[in-house]
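Chemist: Residues or ranges marked as domain 'IBB' by Swiss-Prot on the basis of sequence analysis: 2-58. Sequence annotations record features per position, and here Swiss-Prot assigns motif 'Nuclear localization signal' to 43-52. Residues annotated as repeat 'ARM 1' in Swiss-Prot: 66-106. Annotation source Swiss-Prot lists repeat 'ARM 2' at 107-149. Here Swiss-Prot flags 137-229 as region 'NLS binding site (major)'. According to Swiss-Prot, the repeat 'ARM 3' annotation covers 150-194. According to Swiss-Prot, the feature repeat 'ARM 4' maps to 195-233. Here Swiss-Prot flags 234-278 as repeat 'ARM 5'. The annotation repeat 'ARM 6' is assigned in Swiss-Prot to 279-318. Feature annotation from Swiss-Prot assigns region 'NLS binding site (minor)' to 306-394. Residues or ranges marked as repeat 'ARM 7' in Swiss-Prot: 319-360. The repeat 'ARM 8' annotation in Swiss-Prot covers 361-400. Marked as repeat 'ARM 9' by Swiss-Prot: 401-443. Annotated repeat 'ARM 10' per Swiss-Prot: 447-485, in sequence order. According to Swiss-Prot, the phosphotyrosine annotation covers Y484, on the basis of similarity to another entry.
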Amino acid sequence: MAENPGLENHRIKSFKNKGRDVETMRRHRNEVTVELRKNKRDEHLLKKRNVPQEESLEDSDVDADFKAQNVTLEAILQNATSDNPVVQLSAVQAARKLLSSDRNPPIDDLIKSGILPILVKCLERDDNPSLQFEAAWALTNIASGTSAQTQAVVQSNAVPLFLRLLHSPHQNVCEQAVWALGNIIGDGPQCRDYVISLGVVKPLLSFINPSIPITFLRNVTWVIVNLCRNKDPPPPMETVQEILPALCVLIYHTDINILVDTVWALSYLTDGGNEQIQMVIDSGVVPFLVPLLSHQEVKVQTAALRAVGNIVTGTDEQTQVVLNCDVLSHFPNLLSHPKEKINKEAVWFLSNITAGNQQQVQAVIDAGLIPMIIHQLAKGDFGTQKEAAWAISNLTISGRKDQVEYLVQQNVIPPFCNLLSVKDSQVVQVVLDGLKNILIMAGDEASTIAEIIEECGGLEKIEVLQQHENEDIYKLAFEIIDQYFSGDDIDEDPSLIPEATQGGTYNFDPTANLQTKEFNF
């Protein structure tokens, strides 16, 4: 998991305050937001896309001479300014093919050759749509490169001409202009806002109609995703307001690529703070978003989980909107999903519900999800265990005594204590805080809790943590031992000793505590 030390420190400090506000308990993904996305290689998730080489009717015999010889950049450059339209088109096609045919197209060589102004000039040629198309394609591929290469296209004043081409009567020219603008917008918030300021949104959204070919609509949706990306700064509020109605239409689409992109767009918007979350809620899309958590396509589930997960980082009221859509009924399947990253995101979602009010905590309990969270705490990969630790600790702060008592009855303490020996000091502190909260809430039953902690090896781990280099951790460890373990030795209850297995792990009997202990916090 990507770390943000400043934020984590702030979060940890807040964590120690029993009455801390929900804003500090709820956790945004920060750098982690890209983790699932980066592991995907699906084209629809890329910020920029190169248009691949395709032999088509566009590639007529006019470029036969160029195919027959190894054309130099100098020749391309010279012929691209020819007065002979056939020669000029062949040269621009040759440039486009250089940019389309190779895994590492010679973008910098072409930029250095001085061809950019020539290609941009070709965009003006309304009398020759084939030339406009080829030039737009070449510029699209240049803009698909590095940020510096994209900036070279922007600085050549291509953007106003691409916007003009959105009104071309030739659909292939329109579509190529859309693709080029998508690459430029995908470069970052500065380019995004520049293209928005020139008026891209209205003509772009006008393409969303029943007659548009599916490939064109996929491109339009991908550009909408890029308009919604980036939150430093987020897109202008007016732009979000313009885009949301389109997303509310596209979320019904049966094409998987369009659906996935639509949901990712919503996830980016909900990652932009509570005001943008509210705009998404007000659009009415949430009831249509939640059922996608059980979509048969993992790509759709992943995007939907991120989008609803971002919404529940908002206020209790915003969280309740999602809960009111029966969202928790989807979580047994998500928590037992074969993909670990889905498990992790699902537990992250639930950690933000257990950071809510007591009714929201109860909803998680009533949905039967606590045992599944505890299973992930014990058996999940480390990233998932970390999220589960937050979910449990948040519950010890937000929950009522009976809710925390239920947590203990589900045998949360042994797997919780196991995390005290990990190297991640953030996790260690979250667990210590959770244990301390449980002990405090147990009141007269604290000795029973202390006994469970000792029997599962937790006390030994806490004793070691008194030597921890982190001041907050060693102080907390000392406080717990001083307040709850400094008296007479607790009589050992043999029924609580875990059975050792091969490999040095332990099998904890989940019924042992219930048989031998009565919890009345």
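Every residue, even glycine, has its Cβ placed from backbone N, Cα and C.
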Chemist: For the repeat 'ARM 10' (447-485), report the average pLDDT of the model, please.
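Modeler: Across the repeat 'ARM 10' (447-485), the average pLDDT comes out at 95.
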Chemist: Just give the helix, strand and coil counts over the repeat 'ARM 2' (107-149), going by DSSP.
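Modeler: Going by DSSP assignments, the repeat 'ARM 2' (107-149) contains 32 helix, 0 strand, 11 coil.
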Chemist: Just how many other Cβ atoms lie inside 10 Å of the Cβ on the residue listed as 'phosphotyrosine'?
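Modeler: Step by step: centre on the Cβ of the residue listed as 'phosphotyrosine', count other Cβ atoms within 10 Å, giving 22.
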Chemist: Excluding the flanking five residues on each side, which residues at least 6 beyond the ends of the repeat 'ARM 8' (361-400) place their CB within less than 8 Å of a CB in that stretch?
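Modeler: Cβ under 8 Å, 6 or more out: 1, 15, 18, 20, 25, 27, 323, 328-329, 331-332, 335-336, 340, 343-344, 347-348, 350-355, 406-407, 410-412, 414-416, 418-419, 422, 424, 426-427, 430-431, 433-434, 437-438, 441.
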Chemist: Give the helix, strand or coil assignment DSSP yields for the residue listed as 'phosphotyrosine'.
Modeler: helix
